[in-house]
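Record features, source TrEMBL:
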- 1-141: domain 'UBC core' (DOMAIN)
- Cys79: active site, glycyl thioester intermediate (ACT_SITE)
Amino acid sequence: MKELKDLEKDPPASCSAGPVAEDIFHWQATIMGPADSPFAGGIFLVNIHFPPDYPFKPPKVSFRTKVYHPNINSNGSICLDILKEQWSPALTISKVLLSISSLLTDPNPDDPLVPEIAHMYKTDRAKYEATARSWTQKYAMG
């Protein structure tokens, strides 16, 4: 799989990814919490499952680490357009991981998976950031 070679040669900053055991369709990735976000200092584990018709279909990507975020629910599902209708075969796992990393910094509260977190993000940013920080300390600094 060409992507694995590219990732090993030129990994995106603050992310890493590779196959779990010998299964090239199942990867685990780590994303470092971005410094300019309430997730700073956390290490977030992400599962990546490639469908047999990848890259024509997007990979299924989900957080294994609990994260307090309007676009990531308690099952780890991620609401991100490039993992759904905006997917393109030209996208790489590096680009997907970087998009997830920037989603941590800049949530999209207008397309939330968790409406109550989105509401808090919009109406009480300080409380949102404090809660996200405490979850990061509890679940992602382990």
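For all residues, glycine too, the Cβ spot is worked out from N, Cα and C.
Long-range C-beta contacts of Cys79 (active site, glycyl thioester intermediate), restricted to its own chain and to partners at least six residues apart, with a cutoff below 8 Å, comprise Asn71, Ile72, Asn108, Asp111, Pro112, Leu113.
In terms of DSSP secondary structure, the domain 'UBC core' (1-141) contains 48 helix, 31 strand, 62 coil.
Taken together, the residues in the domain 'UBC core' (1-141) have a mean pLDDT of 95 on the 0 to 100 scale.
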